[in-house]
Amino acid sequence: MTEDDCKVAEALNVSRETLGKLEQYADLVRKWNSAINLIGRSTEGQIWIRHIQDSAQLWGLRAAPFGTWLDLGSGGGLPGIVLATIATEKAPESRFVLVESDQRKATFLRTAARTLCLNVTVHAARVEQLPPQRADVISARALAPLTDLCALAAPHLAPEGMCLFPKGANYASEIAAARLSWNMEPEIHPSVTDPSAVILKLKAMAHV
């Protein structure tokens, strides 16, 4: 780990065991990345800052306590695997459901979950194919515009649940577009890794 990586790791405020699991995860991503493109090749050297810290920041915005966390379009496990790793220490009674339609990436997710001994279920399917999950928290990183995310998440959200959606600099236009189809009042939280990015926290939404 570089000096910057160590600073990120320290800021996560987790045990040495959890940090060790996150290091294992980072190694797995690098190992598999050449074959199935889990993250951009140019970001491999910044995996702690660009990916692990960026994913881990969602933990502080979660519902507490929570039972089920549903991660849509999990890809290489960002944020799902990172958050499930933190949960082994912070919320061991919780479970994570990761949805990824790409069979190769779903295989990676299962491998990572098994290697790290995580309470994770992986569905190699499209979100629309799943029965309602009644999730307490739903996340999705770099999956779709907010309008589409609302449509994907709504059938799976528990009555008192929440959604956490990281968004880039154009988040305001995404909110405006989504409000044409959805009644919602998202909380806007600044990203700790990118000054132009935010996390949108939605506690309730209803189709117009």
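For all residues, glycine too, the Cβ spot is worked out from N, Cα and C.
According to Swiss-Prot, the features are:
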type: BINDING; residues: G73, L78, V127, E128, R141; note: S-adenosyl-L-methionine binding site
DSSP three-state assignment for V127 (S-adenosyl-L-methionine binding site):
helix
Taking G73, L78, V127, E128, R141 as the record's S-adenosyl-L-methionine-binding set, what's the max Cα pairwise distance in Å, rounded to a whole number?
20
Only counting partners 6 or more residues apart, tell me which same-chain residues put their Cβ under 8 Å from the Cβ of V127 (S-adenosyl-L-methionine binding site).
L72, G73, V99, L152, H156
May I ask which residues of the same chain, at least 6 positions away in sequence, place their Cβ under 8 angstroms from the Cβ of E128 (S-adenosyl-L-methionine binding site)?
L152
Just name the winner among G73, L78, R141 (the binding-site residues) by count of other CB atoms within 10 A of its CB.
L78
Please state whether DSSP places G73 (S-adenosyl-L-methionine binding site) in a helix, a strand or coil.
coil
